[in-house]
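First the structure, in the form of structure tokens, and then the observations on it.
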Amino acid sequence: MSKEAAGIGLEHVRFSYPDMTMDFDVEVPSGSITALMGPSGSGKSTILDLIAGFREPDSGRILIGNDDVTGLPPDRRPVSMIFQENNLFGHIDVAKNVGLGRSPSLRLTETDHADVADALARTGLAGMERRLPRELSGGERQRVALARALVRDRPVLLMDEPFASLGPALRNEMLDLVLELQAERALTVLFVTHHPDDARRVASRIIFIEAGRIAAAGPVSDFFGEDGPAAFQHYIGNEGRFARKAT
Amino acid sequence: MRKAPPTNPRILAGIAALSAVALLIGGAFLGLILEGWREWRNAVDAFDPYLFRVAGFTIWQAALSTILSVAPALLLARALSRHPSFPGRALILRLFALPLALPAIVAALGLLELFGRAGYLSGLFGWIAGGPWQGIYGLSGILIAHVFFNLPLATRLFLEALDIVSPDYWRLSSQLGMGALPSFRIIEWPVLRSALPGAAGLVFMLCVTSFTLVLTLGGGPRATTLEVAIYQALRFDFDPARAVALTALQVVITIAALAVLTRLGANAAGDANLNVASPRLPVAGRSETILNAVLLSLAVLFVLGPLVATVASGVQADLSRLAGEDSVRNAAATSVVLALAASLLSVSLALALVAARRAVSLRRGGSGSLLDRLMDTGAGFILVVPPIVVGAGWFILVRRFADVFAIAPAMIVSVNAVMAMPFAVRAIRPAYDAAAERHDRLCAALGIRGWARLRLVDWPVLKRALAMAAAFAMALSLGDLGVVALFGSDAVQTLPYLLLTRMGSYRTADAAGLALLLGLICLGLMVLAERLGRSRAR
């Protein structure tokens, strides 16, 4: 059902803040789940914003699949993004919030309505179509955002600490849902998290960034082994001793 | 390969709004400068002792009004703050918000019906004075009217300052057993002192530029301010050169006052918020309570009196005959149409400015630019350009090549719209910024833009704020007498203008009826605006 799977490529992408210049060069393989980790202020959200089109690089190219998307406005990129919060319009009910993923002017056909209902059912929200976002729990709201991403049907899903405000059990539940959806649609998922457990639970790869540079990138197993990158071990509080599980 | 950044339509709209405002103000100053250039000898001759006496009186009455408004307001705010919950407190606060909603000419009439030579209280005052009561007239009338408007305003400003004091301070002060005097010295006075320059500056500014009250209550050449003198120079003496001289002086005084005002950190747009809740425990002792009760009662009587007088004499008027008169109907229709247009224009300008300001401040490195600052503070700055000055400038400019009275509707609408704009900006901006904060990225991600964005996202979220701003702007515009006094004629009459002519021809009963009508309309709109604002905050 989904369009062709698409990897993400950042080729010497430079982006400057007044006090910091970031430079990213990295690839995210298509059809994988990649966790984007790093200290606060290292540029995790900036990378997502660059891929999604909320920010434009000073130089370099951003590729999705085989296409150069640099300079395209956010809605023309084959990308859906889920923020930590404010994913929904508060005055619009759940079904319409999802429907906006299909038509930004809410002109929906019968097929569209059926797809919305399917997406809501798939994310466990059947029966909540007419609710307003404020009548939902935090987890349910993020489910609506996921449902909208399903309806939008873009090959790349970006998530910026999507479940940070949820408790551990709920977070795992949501991650498992993302894993299922990713497998069904062959999505390329890139998500920011601070929790090593999240990465281990669903990701196949990790990109670790520090101070606006890619410090390390590779399979998850490379990171948690005894010879994992020192900076990453330091970040997760495991300096030199891979004896106990990170908490 | 990279697309040039598209010109943001929001910024373009803001630039258009700023240009419209600049055109209005600039046109007025162009008219004044041209006239001054052409008639420079007459304009220079106009700087005679009379003109300086008028300028002196303008400042003198404003200073007196400020002292008389602000000093009691300190005590009243303190009294209200010391008694955070007593029956009627919320009512007093609402009453104190009323004068702001009342057109100046309605209040002036109410004051005359109470304190005038034939007013309800003339018997009492005559008995006290031991002779026939002459009525408020000249300086006394102007002062009473200014205090009527500004005492409640200053009280609310001070109370707002006191309400910000941390509740922990009050708990601490009652735990330490501080009496009235120590807690005034240690807690209340520092807060009031820091709010004092701003509040006093605002009141002074309002009094220096007050037109309607001085026109209706001032008396003759001895009690005239610059604004009224400009009006008289243009409408009665037809002496444009003198008007130019007067306007120049008025502008100098306003700019000087504004410079002092901004240095003191005052907010030129005033405040229409109303704080009812206060989480403190009552702390006042018995004798202080009695003193405060007396103070508050006096203030309530003073504010309530003219309102009651307006209603009492208004209902005595032959309202049904008035309502049937063609001139009244025409004036009412004209007023409503012009005020609606002004309110629509005002809200559009404000929305464009608010949206552009947001867009500019988001642009990387855009903050701090001239455009940014203009959109941020430019809106409030408009308030200090008195409508009479703008009106006078256009009056002098247009008379050279067209019939001045033919442009009356356009002048009334545009000047009133621009004067109400700062208030509209204040009503719209918080809602707009909050909504944009939540929705901008989401809309960009989903491609919701243009008409779809307006219909699905912005309108549902902003309609309350927009309606509130519109109601407020309409009330201000309906009650305004400044521009229409200059441009009004038999052909274009608004309700305030008709009211003024009826007062001038001593048809007092008619005037009272019209005042009641006008007051009720404006009050209704203000209540509506406040309701809308309140339920938004929910």
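The backbone N, Cα and C atoms fix where each Cβ goes, and this holds for glycine too.
Where the annotation comes from TrEMBL, it is an automatic prediction and has not been curated.
Here the structure is a predicted model, which means the values were calculated and not measured.
Feature annotations, reproduced from TrEMBL:
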TRANSMEM  B:12-34  transmembrane segment
TRANSMEM  B:54-79  transmembrane segment
DOMAIN    B:55-262  domain 'ABC transmembrane type-1'
TRANSMEM  B:91-112  transmembrane segment
TRANSMEM  B:124-149  transmembrane segment
TRANSMEM  B:195-220  transmembrane segment
TRANSMEM  B:240-261  transmembrane segment
TRANSMEM  B:290-312  transmembrane segment
TRANSMEM  B:332-356  transmembrane segment
DOMAIN    B:332-529  domain 'ABC transmembrane type-1'
TRANSMEM  B:377-398  transmembrane segment
TRANSMEM  B:404-425  transmembrane segment
TRANSMEM  B:465-488  transmembrane segment
TRANSMEM  B:508-529  transmembrane segment
Contact between the transmembrane segment (B:404-425) and the transmembrane segment (B:54-79) (3 or more Cβ pairs under 8 Å, separation 6+): no
Same-chain residue ranges lying at least 6 outside the transmembrane segment (B:240-261) that approach it to Cβ under 8 Å: 32, 35-36, 39, 42-47, 51, 54-55, 58-59, 198, 201-202, 204-205, 208-209, 226-227, 229-230, 233-234, 268, 384-386, 388-389, 392-393, 395-396, 399
When counting Cβ pairs under 8 Å to the transmembrane segment (B:124-149), the leader among B:12-34, B:54-79, B:332-356, B:465-488: B:54-79
Spatial neighbours of the transmembrane segment (B:290-312) far in sequence, C-beta under 8 Å, 6+ residues away: 72, 75-76, 79-80, 82-83, 92, 95-96, 98-99, 102, 106-107, 109-111, 113-114, 119-120, 147-148, 151-152, 155, 284, 512, 515-516, 519
Of B:91-112, B:195-220, B:332-356, B:465-488, whichever stretch has the most CB pairs under 8 A to the transmembrane segment (B:12-34): B:332-356
Other parts of the chain folded back onto the transmembrane segment (B:332-356), taken as Cβ under 8 Å at six or more residues beyond its ends: 10-18, 20-21, 375, 378-379, 409, 412-414, 416-418, 420-421, 424-425, 427-429, 432-433, 436, 466, 469-471, 473-474, 477-478, 492-496, 517
